[in-house]
Each structure stands twice: as structure tokens, then as C-alpha cells.
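Comments concern the structure below.
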Amino acid sequence: SRRHKLYREELNLTSPAALLPLRPEASWLQFHLGITRDGLYPRSSPTVNRLLRDMQDLTTVSADYSQDEKALLGACDCSQIVKPSGVHLKLVLRFQDFGKAMFKPMRQKREEETPEDFFYFVDFQRHNAEIAAFHLDRILDFRRVPPTVGRLINVTKEILEVTKNEILQSVFFVSPASNICFFAKCPYMCKTEYAVCGNPHLLEGSLSAFLPSLNLAPRLSIPNPWIRSYSFDGKEEWEVNPLYCNTVREIYPYSNGNRLLNIVDMAIFDFLIGNMDRHHYEMFTKFGDDGFLLHLDNARGFGRHSHDETSILAPLSQCCIIKRTTLLRLQLLAEPEYRLSDVMRESLLQDPLAPVLTEPHLLALDRRLQLILKAVKKCVDTYGEAKVVTNDTTPPEAPAPDRAKLTT
């Protein structure tokens, strides 16, 4: 079939099993076919559970650098984003049935916090943050993070011995402790000091399911209106202008529809995980301007449980709008019998690498949830519930231009 042919061409699977037929019941294919304008998968999706098991259990048949790492071997536009160095490493692992997942190895122990002096754009990428972000996204009923699971990878058998990339093969070495290690290949800071190592062969990591090929399901990458400055001393307009949302509202597609509401959802999600690095967001073109925003690349979340970065909530506090369904879910998760930390703790126990988060990170979720609800209450007290809380399809009336009174 045409879809079968396209999948073979796009995935470029190199394996003796490449001639096997594409099984319609394959979890990877069923996941892709289940994407709708409401989210990446339906609620209580049996396909997602099968996909998580397959990513956990199936043998890898190929390994390679991701496109990001390959781009770093050439030129990068560092005027927009400070590109990752050798301390950031991710690989594309392929499985049978045309399955493909992004592997991010363990870089930081669970009990370690990001140093206070680190800028967000040089922070570590954490495998457990990717796993926890998927679980939180599902609990919030957003369903905008691709299915992600933890796994112990044998770096020798499941990466080195199956990769056809000579550059990747060349960066493997045996450490003085007799552990098998490898590191990223990029223009700078790519040294053995930044390698990841097995013990001696096994290495923790996260596996995130790939979305359909861009040829099959085109996506747009759009700058976040609340993007942060990627320099050591610069500031963006939203950081100094409390009326910034008025400007955003004048620009299509934020002037009508659900896009601004979806930006607020994304800000709430990022605030809960402590992610300051959301410089872009992606959308499927098929669903038009009111489609959902994909919450990709969450590895810089869950870095500091002891600090709540309230500036992440700027879209909520400056625009003073929120979806009614989002607010109801947050209010439910603030109730003692459905406390967010308890629901997350129970959900994360399903992952093979449990415990995924330390207790302080779980309790930080409850604290941050209360800060979100306080921000919403402040908006409601100022403008009234009718102007702040809206259903998921009708755009709200903009608050009066005196919202400069509000601060995070």
C-alpha cells in the first residue's frame, strides 16, 4: 500500500528483517493513526500501553544520532538558540515493526538539583524529566507529550553493535573503571569528560515514541511569543512590559481562536515541571490554527524542586485567560483525595525505572499547583470569572487594558 511504501522510505530501516510486512496492528502504526485534533491519543488508550511495553521490551535493530546532533556537525545559528554541546546527547533507536524512539541517557542523578548559577539554556537534559513529563501531561488530560518510558539499555549490544554510523562507533571507549562509555560528536565541548557510561554495559535512559514522518503528517515549528532571551544579560519584551499580552492579542492567530488558550495550557504545564526552555512549539498543519500544541523536549524540567520560577506563568498572569476544562482539572488535583503528587507517584510506579522522581519533586507539584490557582483567582478577582474562564472553543473577551496591575 501507499502508506506501507512511505513508512519504509521514511524510516529507512536497516535490518535483515526489513522485508517483513508492515503489520497493521503494530503499536507504532496504531499510535500514529490514533492522533486526532483533540490530542496524540485517546483517553485510556490501550495502544499507548502496548507502545510503552514495546519500547521497553523490543530489541533495537539500529541506532544513530538524531537530526539535531547531525546538524551540529555542520553549522548552527547560535544567534537564535544556544545549541547543545557534548553534555547533551540523544540517539534514535529503531525497533521491529518500523518502531522508532528517541533515546536520552541518564545525565543527572535523581537526587541532584540543577546548580543555582546555571542558566536555563546550559542546564542538563534529564531522562527522568522526559518520563515524568509524559505522565504529568496525561494526568492533566492534555495528551500532547509523546508516550515515553524508561529503559535500561545495553549500550554495547543495543547501540554500538547495531549502528551503521561510523562516527557514533568511533566515540565508544572503555573507561578506567571498565565501563563502556560514549559521547556526542559536535563542534565543541565533546570530550570524554562528558561521556555517558554503562555499568558496565547497562545505562538508564528514556525512550520517547517518534511522531509520524513530516511527509505523512507535516508540522509547523512556531516561536513562542513568551520566548526567553538566550543571552547572559538580555531580556525579552514580555519580561519588562506587563502589558505585553495586549500586543500578542493583536497578532494573528492569537487574536482569535484557541491558540492563546493553548499557550496558557503550555505555560501551566511548563511551570509545574519547572521548564524555562520552551523557545518554540510545534503543531500539526492538518488540524489548522486551532489544533493542539505539541509539548516536546521536556528534558530540562524537574531540575530544581526548591525553586518555583513564576515567570513561566507570564502567559496566564498577563493575559488572564484559562480554559474551563483546564481549571476544573487543576482544581480536582488540588483536592486531598486526588492530590497531584499522589496521582503522579502512583502513575510513575508503572515505569520500569521507578522511582522516577524524588519525593521533593513530587511535593513541589502540589506547591506549584496552588500558585497557579492563586494566579487564576487574582485574575478572576480583577476581571470577573466570565472574562477569565472560558470554554475550550469560544475565545474569551480580552480584559481591560489596565492589566498592568497584575504581576506574577
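The backbone N, Cα and C atoms fix where each Cβ goes, glycine too.
Note: TrEMBL annotation is automatic and uncurated.
Among the features that TrEMBL reports, active site is placed at Asp277. Under the heading ATP binding site, TrEMBL lists Lys104, Ser208, Ala209, Phe210, Leu211, Glu282, Asp297. Residues or ranges marked as Mn(2+) binding site by TrEMBL: Asp297. The domain 'FAM20 C-terminal' feature in TrEMBL is assigned to 172-389. Marked as region 'Disordered' by TrEMBL: 389-408.
TrEMBL feature annotations superimposed on the structure.
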| residue | record | CB count, 10 Å |
| --- | --- | --- |
| Lys104 | ATP binding site | 27 |
| Ser208 | ATP binding site | 25 |
| Ala209 | ATP binding site | 24 |
| Phe210 | ATP binding site | 19 |
| Leu211 | ATP binding site | 19 |
| Asp277 | active site | 20 |
| Glu282 | ATP binding site | 15 |
| Asp297 | ATP binding site | 23 |
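Residues Lys104, Ser208, Ala209, Phe210, Leu211, Glu282, Asp297 are recorded as binding ATP; their most distant pair of Cα atoms lies 20 Å apart. Distance noted between the C-alpha atoms of Ala209 (ATP binding site) and Asp277 (active site) is 21 Å. Rounded to a whole number, the C-alpha distance linking Leu211 (ATP binding site) with Asp277 (active site) is 21 angstrom.
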